Structures are given as C-alpha cells and as structure tokens.
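Residues or ranges marked as ATP binding site in Swiss-Prot (evidence: sequence analysis): Ala113, Arg114, Thr115, Gly116, Ser117, Gly118, Lys119, Thr120. Summarising the annotation, Swiss-Prot assigns compositional bias 'Basic and acidic residues' to 617-627, 789-812. Residues or ranges marked as compositional bias 'Polar residues' by Swiss-Prot: 628-637. Per Swiss-Prot, the feature domain 'Helicase ATP-binding' maps to 100-272. According to Swiss-Prot, the feature domain 'Helicase C-terminal' maps to 330-480, an assignment based on sequence analysis. According to Swiss-Prot, the feature phosphoserine maps to Ser638, Ser733, Ser736. Swiss-Prot lists 22-43, 610-650, 768-813 with the feature region 'Disordered'.
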Amino acid sequence: MSGFQTSDEVDISNSLKAFPVDIATDNQKDKHENVGENVSDEDDGNYIASKLLESNRRTKGKKGNGKASNFQSMGLNQTLLRAIFKKGFKAPTPIQRKTIPLLLEGRDVVGMARTGSGKTAAFVIPMIEHLKSTLANSNTRALILSPNRELALQTVKVVKDFSKGTDLRSVAIVGGVSLEEQFSLLSGKPDIVVATPGRFLHLKVEMKLELSSIEYVVFDEADRLFEMGFAAQLTEILHALPTSRQTLLFSATLPRTLVDFAKAGLQDPVLVRLDVESKVSADLQSAFFSVKTAEREAALLCILQDIIKLPLKDNVRPREIGNVNNPKKRKRALELALKGSESGSPDSTLVFVPTKHHVEYVSELLVQAGYSVSKIYGSLDQEARLNEINNFRLGKTNLLVVTDVASRGIDIPLLANVINYDFPPQPKVFVHRVGRTARAGRTGWAYSLVRAEDAGYLLDLQLFLNRPLVTSSKQVKTDSDCDFTKQIVLGSLPQELVAELLEWVQRIVSRDVELQQLSNVAARGEKLYFRTRATCSAESAKRAKELVDSKGWSSNNPLFGDVSVIEAEEKYAELLSKVSSYRPSETVFEIGQRGHLKTEAAEIMRKRRNKVKPKGIKSEVASDKITDSSPGNMSEASESELEEVFKNPKELSKKKTTDFKDKEYYMSHYAPKESIQETGYAINSGENFTTAARHAILDLTNDEGIEQSRKGGQRWDPKKKKFVNIINDEDGSKGSPKIIRGESGVKLPATYRSGRFDEWKASKAFGANDSPIRENKRYKHNKLQTPKPADKFRDNYHKQNKRNREAKERGIGIKVNSELKSAVEIRKARELKEKRLAKNNRPSKKHR
C-alpha cells in the first residue's frame with residue numbers, strides 16, 4: 001500500500017471528502033491522539049483502517065475537487081485494485097467517481113443511474129473495501145437485493161470477480177432453487193448475500209434469521225423492486241436490519257414511493273445523479289406533428305417510411321455473433337457481439353406507446369407493414385424480455401416498441417431515432433424518453449405526435465425547455481431556416497401521404513380479426529390510461545385552445561420539402577377546407593320560394609339565417625397568429641432598467657427616497673428570474689435529500705392502464721359462488737390463505753413458516769450454531785479410494801492396472817465385512833434368545 005506514494009505527491013485526503021466527517025468519527029480520532037488513554041481493539045482497527053485509507057490515496061490535478069479521477073486516488077487496497085484492473089477497468093465512470101468516495105466515508109447514498117453505467121461496480125467496490133476479509137465466527141455482513149434472478153446472478157458474478165484475492169464468500173439466493181440447498185448456503189454464514197426479496201424473506205421467516213450483523217445493504221434497481229410489488233417484503237426486511245447499517249439505493253428513475261421509502265430507511269442520504277441525464281442533449285433534433293386520433297397509425301408509418309426511411313425486414317442485416325452452432329462458444333460469442341453493439345445501427349428506432357395493449361397492437365401492425373419489430377412491456381416474462389432486447393441490440397430488429405415503465409433501466413445501445421406515439425404528460429418524461437438518443441457526441445432525432453388534447457402538454461414542454469414555438473409555415477421559408485435543436489417546430493404531415501397510409505391501415509385492420517381485436521383492446525386501455533394521466537397546467541390549457549384553432553396547427557411541418565411544396569400543400573388544404581365548410585345561401589325551405597311564391601316558412605328561415613350568420617362567420621375565422629409563444633419573463637425589473645426606460649422630469653427631492661421594501665423580509669409577488677427553466681433543470685447540491693429528490697421525482701403511469709394504488713373492487717369466487725372483495729386476497733382475511741404477521745406488522749403468507757428448516761436441521765449432524773462449512777476455508781481430500789478399473793481398450797491400461805495392484809497391496813479398496821449388527825439382526829437375535837428360554841423353561845446356571 002505504501003508503494004502508491006511518492007515524494008512528489010501531496011496528501012489531499014481531507015479535501016476529497018465531499019461532506020463533513022461524522023462527529024463520532026472525529027471523537028474517535030481525538031481519543032487515539034491521546035497516548036495515555038485506553039482504546040479497545042475495535043477502535044484500534046478502525047483507526048488503522050482510516051490511516052491506511054488516507055495513506056493509500058493518490059490524486060492528480062487540483063485539490064478539493066470532491067471526486068476521484070482514478071481508482072488509485074480512492075484509497076483502495078492493493079488486492080482490490082488488482083482485481084479491478086484485471087477485470088478491465090481503466091478509469092471510473094461518472095457514477096463511480098461521484099458515488100465511491102461517499103460510500104467509503106460511510107454515507108447513505110441514493111444513486112440515479114441507468115443500466116450499463118457502471119452502477120454495479122459503484123456499490124460492489126466500496127463493499128469489498130469495507131468488508132476486507134472474513135471475521136471469525138461472524139454472520140452475514142452485506143446484503144444486496146435485486147428485482148429478478150438474472151440480475152442477482154449477474155451481480156454475484158461481479159462480486160466474486162472483485163473479491164478475488166480475499167477470503168470473502170458470496171452466495172446467490174433466488175427463486176427456482178430448492179430450499180434445502182439454500183438452507184445449507186445460509187447456514188454456512190456467507191459474508192455477502194445477493195438475493196431477490198421474495199425468496200430472502202421466505203428464508204428469513206423460515207430459518208428465523210438474525211440480521212443484526214448486516215453492515216452494508218444495497219437495493220439494486222429499486223424502482224423495479226417497487227414496480228414488481230415487493231414493497232411489503234422490503235419493508236419487512238428493512239425493519240429487521242440494524243440502525244447502524246450503511247444503506248444504498250440505486251434506481252433508473254425516482255418514483256414518489258421510492259422517495260418515501262428512502263426517507264424512512266436511509267439516514268441523511270445523499271442524492272447522486274448525473275446532470276447530463278436530466279437535460280436534453282444539445283445535439284438532439286426534434287420535430288412535432290399535429291395529427292388526429294384516427295390518423296396516428298398512418299402518421300407513425302409515414303414517419304418510418306418517408307422521414308426515417310427505415311429498411312424493411314428483408315433488408316435488415318443483423319450483427320454476426322460467430323459460431324452459434326457450438327453450444328460452448330455460443331454464450332461467449334453472444335457476449336462479445338452484445339459488447340460490440342454499443343454503437344447501435346444507423347436506423348435503430350424506439351417507439352413509446354402508453355400501455356402494454358398498445359405495444360401488442362402497434363408491434364403487430366408494424367410487422368404487417370413489413371418491419372422487424374421487438375416489443376417490451378412491464379409484465380413481459382424476463383426471458384422473453386432479454387430475448388427481445390438482444391435481438392434489437394444485435395440488429396435482428398431495428399424497431400423497439402416499449403412503454404415508459406418497461407424502458408426504465410434497459411441497457412440499450414445508442415439510438416438514432418425516438419418516436420413518441422403518445423405525447424408524454426410530463427416534461428421530465430419527455431426528457432427521459434429522448435435521452436436515449438443523441439449521446440456521446442452523436443446526433444439524433446425525436447419525433448412526437450401531438451393531438452388536439454395533447455396541445456396543453458406541448459406548451460408545458462415548451463415552457464420547460466424555454467424554446468420558441470414555431471407553428472405557421474409563414475414564420476419560416478424552408479427547413480433550413482428552422483433550428484430543430486433550439487426551436488419547437490410544429491406542423492402537420494402531408495395530407496396525401498397520410499390519407500394513403502390511413503386507407504392501408506383501415507384495410508389491414510378490417511381484414512385481420514386478431515389485429516382488430518388488439519385495436520379495440522388498445523382503445524379501451526387508453527381510456528383507463530387517460531384517467532390516471534397527469535393534467536397540464538391551467539395556463540397551458542387556455543393557450544392550447546388558441547394553438548389548435550390557429551392555421552399553423554394544420555399547416556405542413558417545414559421538415560417536408562421547400563417552400564413551393566409547402567405553399568402547394570397549403571392551397572390544397574385551403575381548397576379542402578372551403579369545400580368542407582361550404583354552406584348554401586338558402587335553406588331547403590327557401591328553394592323556389594321567391595316573389596309571389598314566397599311562403600311564411602321561407603320568410604321565417606330567412607330572418608333566422610340573417611340573425612345567426614354573423615355569429616357563424618365570427619367563429620369560423622381562425623386566428624393567423626398566436627400569442628407570444630416564448631415564456632413571458634415575469635421577473636421584477638431592476639432599478640437601473642426602470643431608470644433607463646422611464647426618465648424623471650425633475651427631482652422631487654434632493655434626498656433619495658427610501659424603498660418601502662425590506663430586503664430581508666419582503667416577498668415579491670413576481671416570479672424570480674428564469675423561474676420556469678430553473679424549476680425544470682435546477683438540481684440541488686445534495687446537502688438536503690428531500691429538496692434534491694423533489695426535483696428528481698419521476699412518476700410514470702402504469703402501462704397496465706390502471707393505477708396500482710386503486711386496485712379494488714370484487715372478483716368472482718368459483719368455490720363460494722359469489723363475489724368477494726379483492727382486498728381480502730392481499731391481507732389474508734375472510735377465507736383467503738392463512739397469514740402470519742411479520743416483525744414490522746406486515747402480513748405474510750403462512751407458507752413462509754412451514755417447518756422445513758427444522759426438518760432439514762434435524763437430519764443434519766450439526767446444531768443451530770454450527771456451520772456445515774469448515775471455518776478454516778481450506779479443504780483437503782483425505783479419503784482413500786481405489787483407482788478406477790483399468791480399461792483394456794485405452795492406452796494407459798497397463799499403467800492403470802499397475803495402480804490397482806499397488807492399491808490392493810496397501811489394502812485400499814478391499815471390502816471388509818462390517819462387524820456392527822444392524823437393527824434387524826439385533827431384533828432377530830433377541831427373538832432367538834427368547835425362543836431358547838421358552839424351550840428350556842429353566843433359569844440359567846448363574847441364578848441357581
């Protein structure tokens with residue numbers, strides 16, 4: 001460890017600490033500085049560890065940057081550094097640079113990072129550094145909870161790679177494995193347990209595990225843990241953990257339920273998130289298309305066919321994965337192919353839809369159109385989910401249809417295009433969607449379909465991004481005059497293209513019964529989705545009416561062609577508008593009723609028409625211009641600005657007038673400068689988790705179309721032949737399966753405590769405090785066995801035969817009859833003895 005220091009290096013370990021050291025730690029240091037004071041062995045160990053950590057630091061660059069630029073500057077031990085470099089890590093990722101120093105200081109951390117950003121190593125490396133080695137007679141000291149078995153097995157593999165060179169033992173506790181095998185694993189007192197919440201809680205209740213020795217807890221993919229319904233299990237596990245633990249929580253997004261859980265389970269947590277993840281890339285180009293609800297499918301096909309020009313299934317060229325026929329090399333070849341697919345294909349496109357029913361419908365429609373499509377939604381099976389993602393990453397498919405919930409944390413390559421089939425109800429959801437493209441200096445496109453009912457959400461997004469809204473083609477001459485990276489360019493799609501594709505969609509849906517059923521189910525699911533969708537602001541709702549009534553809403557988007565084409569489209573649209581809005585000058589009652597043929601009914605209709613006509617003309621005239629689309633600056637003007645604009649004709653008094661506002665207590669009714677932009681982008685420094693999490697909360701609507709918290713009602717019970725409340729199935733009341741109450745008060749199924757562990761323990765030859773795994777961790781085979789019989793058809797027949805003769809000479813492998821009688825033999829001997837006594841009918845000679 002001393003080899004990391006040189007005479008030219010300066011120890012700046014104190015400046016590396018982003019936050020003040022705990023008062024208890026300072027008191028311990030003061031105690032150690034006093035020579036004459038008695039110190040316990042545990043304090044000595046902590047003091048030595050802190051000194052080694054400080055002496056092991058090596059930093060480059062400026063002091064006090066608050067984060068480490070390489071792994072050597074983090075104060076890690078040499079064994080762990082060798083394991084890190086052997087695994088191929090050269091430099092820490094951004095999430096690792098921000099998280100590892102905080103974890104080494106013992107802080108509780110809430111990290112927001114997507115899958116593939118290095119978050120697993122961000123919490124495994126500090127864990128290995130914290131545990132260092134196995135302690136004598138110690139129980140489990142680290143617990144990692146993952147949402148599914150695949151992620152748990154992947155995490156335990158990473159833990160074993162980083163713990164090479166140490167004697168730390170790690171096990172995976174997941175479903176689908178026999179309980180007896182996991183009884184043995186947990187009875188061996190492993191140092192690190194990587195588990196899924198359901199199976200771990202089952203074993204905790206069954207084995208009556210004591211979790212007081214846990215020092216390090218990680219909730220990996222925490223948003224997916226809550227999404228999959230593990231809230232009750234997590235609450236029960238959290239209640240059993242000691243308060244002195246260090247808790248980590250990693251998530252791709254930050255739902256409100258997760259924030260409440262973090263407040264209850266973490267002590268003064270630090271929110272770590274990457275600023276680049278919360279902003280729209282400067283290289284992102286976006287276009288917005290006004291469509292009707294019935295034309296959305298045709299508009300989607302128009303974007304794919306005429307704008308992106310996505311190749312059809314026959315022209316897709318997947319990435320080669322090597323020798324797939326060899327099963328031993330197939331997995332390795334697949335890993336290499338997936339690793340090399342990070343750049344993505346130039347045509348890779350992500351389509352966001354509101355519900356899982358839309359995923360099924362839209363993906364099937366795109367397949368009918370000839371595209372290669374992958375689909376993912378929240379309740380999709382994990383194996384099918386991985387297959388769909390791998391097909392997309394390998395280039396076998398170039399379209400991925402997903403929901404907001406299903407796309408969280410998915411490790412997908414850099415995308416070229418993102419299409420919002422439904423407009424996101426929140427600006428943060430829009431940023432979450434389009435953040436998949438325009439990464440690593442590459443350009444990307446985001447296309448959004450906006451219906452009349454979505455106009456308010458579009459204006460909310462415009463205020464959030466602080467960009468001007470360009471709607472009418474008269475504002476721009478060609479697409480070169482538009483800046484798609486700095487403006488919100490809104491317009492419709494060419495009507496002839498949409499009409500042709502709409503006719504094709506209607507014909508395909510009418511012919512295919514399955515597609516027609518999927519369309520009906522998606523329409524019903526969207527109605528439920530609208531009930532749970534957030535509403536736009538009141539001001540945006542008012543402006544949305546003006547936007548929809550303007551001519552710019554129906555004019556073509558400047559993305560299509562030059563100005564002549566746009567003008568031709570406008571004339572065509574104007575002609576259609578005139579035809580559709582044509583009103584005859586006379587009603588049916590007035591035709592031929594003039595002069596001497598005039599009737600009383602015709603006169604009544606003429607008077608009525610003259611009275612109603614001015615109102616109709618006024619309502620049909622659309623406004624050609626919209627109110628200022630840029631967000632108004634409602635900040636209070638400064639004194640210098642007022643003096644420049646308004647000149648006083650004369651000084652009222654030589655004495656300067658005093659301001660009525662007290663700078664310390666006055667609260668202005670004006671919004672602060674750039675308040676809208678700051679509300680969207682401002683990220684707290686992290687000193688207060690509640691304040692920082694308030695800006696990072698992202699609640700996504702469930703892709704099932706219904707809200708989880710509102711699940712209720714009744715269901716038909718076939719056994720009781722009547723309707724029963726669904727809530728009874730969850731709390732175990734009124735005839736539902738028997739339950740037990742956990743330590744935290746959570747109701748758990750009674751099957752969690754079935755007595756199988758007691759039966760297993762009784763069948764083993766060790767007690768409750770004994771371990772079936774040897775404590776010295778070194779194993780040596782002492783059993784003497786006979787060599788395998790010689791095979792005369794092998795080349796080593798004579799050599800193997802010689803070994804067999806030598807073994808027999810030493811007495812190895814010779815069967816010796818056991819002198820111990822079995823229970824059956826003992827019983828038979830007793831019966832024979834009783835028969836002899838009865839036959840002789842006289843006592844033995846000893847009793848004469």
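Quick reminder: no glycine exception, Cβ is built from N, Cα and C everywhere.
For the compositional bias 'Basic and acidic residues' (789-812), the DSSP-based tally of helix, strand and coil residues reads 13 helix, 0 strand, 11 coil. The Cβ of Ser117 has fewer other Cβ atoms within 10 Å than any other of the binding-site residues Ser117, Thr120. Around the Cβ of Lys119 (ATP binding site), the same chain contributes Ile95, Thr99, Gly111, Ala113, Asp220, Phe250, each under 8 angstroms and 6 or more positions distant in sequence. Long-range neighbours of Gly118 (ATP binding site) (same chain, six or more residues apart, CB within less than 8 Å of its CB): Pro92, Thr93, Ile95, Gln96. All protein chains included, Ala113 (ATP binding site) registers 24 other Cβ atoms within 10 Å of its own Cβ.
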